[in-house]
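Student: Dropping the structure in here first, questions after.
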Amino acid sequence: MDENSVERPLLLSRGAERVKKTPFFVSWAKWILKFVIWVIFLAWAALIFFIPAQIVNEAFEKWAQLTSGTVFGITGSIFLVFSGPVLIIAFLSIAYLLISGEEELHERKASTKPRFRLWTFPVLVDGPFGVVSATELIGIVLFVVYVIWAVYAYTTQILSVISQSQLTLKQKSCFILEYLGLRFGTIGLYCLAFLFLPVARGSVLLRLIDIPFEHATRYHVWLGHLTMELFTLHGLFYIIAWTIEGDLLQEILEWKDIGVANLAGVISLAAGLLMWMTSLHPVRKQKFELFFYTHQLYVIFVVFLALHVGDFVFSIAAGGIFLFILDRFLRFCQSRRTVDIISAKCLPCGTVELMLSKPGNLRYNALSFIFLQVRELSWLQWHPFSVSSSPLDGKYHLSVLIKVLGEWTEKLRGNIMNSSEADLHLQPQTKIIASVEGPYGHELPYHLMYENLILVAGGIGISPFLAILNDILHRTQEGKPCLPRNILIVWAVKKSNELPLLSTNDMESICPFFSDKLNLEIRIFVTRESQPLLEEGQVHEATNSSPPTSDSSSMSVLVGTGNNVWSGLYVISSTLGFVIIIYLLDIFYINPYEISSWWYKGLLFVICMLASVFIFGGIVVGLWHLWERQNAAKEACKDDRIMVEKMQNNDIVAHKDSCQQKVASLTNLYYGSRPNFKGIFGDISEKWGCVDVGVIVCGPPTLQTSVAKEIRSHNIRRQRYHPIFHFNSHSFDL
């Protein structure tokens, strides 16, 4: 290998001069938008944090009273303060994404010194939260401090009131219990304002901060535990107080028109407790379908919560819930379209490779996920899978690798095997029909931001790294901006029959003589075999003949990193529609007829949220769908491009032997042992020197813990001439 070729950044390769720098006014506009977003967010968070303080709470109550005479009343005042900032940030995020456009990686010089980054430095690795970065730990601490501070502030207030009253011990006890129960519910409601934000899969907020959905789910899990603990204490304190007073049953069944509807709160809490219990780790792992189906009770939980507290209290958490409804409706529209599986293979290691048709304008990055439903297997089950193909592999297809582990994947493999035996070439009507949600992933390909990469995979965890390799090779060959030049792959597999997964991509055909341009090393550890086995498996292949550009067979682009203009119009029109519907409802129904029932107004509030998304947002989605169909019709005429892709796939088969030889020369195989990460990172520290090293791990939690522990140890004890390792995980765990 040419030593200079490795030392020379790939950014200076052929075609890099075509990259344009961001115009000055665009950079300034983006900076201003980010600054305004941060100011609004910090002000919103500060209000929630300090509102337990009596002086802040009294100031807010005075402001609410002053604005209660407006058309929207006190509900509008509370909604503007607590939910309005979230929606305003969403609007500004849309503007930011529109200005950014399809931002390319601009030319970057290698950092002279490596730098610590809070979001890639693992602090906790063995606790109940899994691997936690410094940034995540700060967030956890802030929420814990907020809860402790709020409980302290409310307890101080109630003790001050009790000390000045002349009540019996029984009355004091019940009063304290009911007051603290009320305040625990209030704190839980503020946490609920954040709870739905991480599970809006295609949310502009997640895209703005570049947190992919598979990372955000863990924040939803943490917030869910905290919120349900607070709501459980809320209900428990009231039950104890009512029991002491001797009217427990009467209070539970009470449904007031003016005031809180207790029975609605009991139903909401019961639904929340069912979701919470079935989401605990042992139940979720052993009875996933039970967890999945009971989690649909979130509809009951939200609706009866609105009936319980009324419209003005519910509006505290309405912003995050509204963004979730927007995302859920969009995902529903996308998932209604069927996608033909144009190619399916069963590999001997028990892995299925599917190639799905996609439109040419669908954007995604390597390290993306899709949710897949196969209707021949189940109409209800959706399963997440990493995309194993690079966005540069082909304009009209997307691939996933699926490890056969459970009942659903076993049925999928059986269907493909049966289709292969029936000879699909003689029966082209036989198809496997799927529906797809996504792709979801990072807004920008962060794996391209590191000059030095270590990819650690366990078993089928190699799948997203195949996409990374292809992406880097394509960019290197086409002269597109791409920083990585030193790549180490560490792959742990149980048996050697999984090794052919690495040969599913022909690296030599993508980028001829790639070893002259890229320093690639592969270390494979076969843990359950002491020596190589001389066995070869048979590949069963079933291929559909339907063209991947047909509008009826390609996946939709409605969610994920979809069209920024249309998605922005969808969010803005739905929000404005919500305001319009609420305004009309107040003017022509609530105020003239003097509607005052809390639970009824809460129900109307939820109905208005849904109606605004279905009506105003639905119109935009319909127009978006027509625009998408027109684009698909134009692409359907470009059959020559499809033929080029098919010819390229044939070339891959023709060059597979040469590729395997090239990969074999870069691969070190170790049988009967597991990766020694202490030795691996120590070796890399001496070899690569004082640089930033991006480490991406895809595998079971034990693998992530082992890698994170070594990264933390090396970063803390590093010498001045050693690299800084940056931990990144890529694993989906609901």
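The backbone N, Cα and C atoms fix where each Cβ goes, and this holds for glycine too.
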Student: According to TrEMBL, which of these ranges is transmembrane segment: 187-209, 279-301?
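Tutor: Transmembrane segment, as annotated by TrEMBL, spans 187-209.
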Student: Does the transmembrane segment (119-152) make contact with the transmembrane segment (221-240) through 3 or more Cβ pairs under 8 Å, each pair 6 or more apart in sequence?
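Tutor: As far as Cβ distances go (cut-off 8 Å, pairs 6 or more apart), the transmembrane segment (119-152) and the transmembrane segment (221-240) touch.
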Student: Hey, does the transmembrane segment (71-99) touch the transmembrane segment (565-590), meaning at least 3 C-beta pairs closer than 8 angstroms, sequence gap 6 or more?
Tutor: yes
Student: Which residue counts does DSSP yield for the domain 'FAD-binding FR-type' (334-446) in the helix, strand and coil classes, in that order?
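Tutor: Within the domain 'FAD-binding FR-type' (334-446) the tally stands at 18 helix, 42 strand, 53 coil.
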Student: Would you mind listing the long-range same-chain contacts of the transmembrane segment (453-473), meaning Cβ under 8 Å and 6+ residues beyond its ends?
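Tutor: The answer is 351, 365-368, 385-393, 400-403, 445, 447, 482, 484, 486-494, 498, 501-502, 504-505, 507, 510-511, 514, 518, 520, 675, 677, 680, 684, 693-700, 703, 707, 725, 730-731.
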Student: State the residues, same chain only, that lie 6 or more residues beyond the ends of the transmembrane segment (221-240) and have a CB under 8 A from a CB inside it; answer 'none' if no residue qualifies.
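Tutor: Distant contacts of the transmembrane segment (221-240): 129, 140, 143, 147, 177-178, 180-182, 184-185, 187-188, 191-192, 194-195, 198, 248, 251-252, 265-266, 269, 272-273, 275-276, 279.
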Student: Take the transmembrane segment (31-51) and find every residue of the same chain, 6 or more past its ends, with a Cβ under 8 Å from one of its Cβ atoms.
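Tutor: The answer is 57, 60, 81-82, 85-86, 88-89, 92-93, 95-96, 99, 146, 149, 190, 193, 208.
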Student: Any residues 6+ beyond the ends of the transmembrane segment (260-278) with a Cβ under 8 Å from its own?
Tutor: 224-225, 228, 231-232, 234-235, 251-254, 284, 287, 290-291, 294-295, 297-298, 300-305, 307-310, 598-599
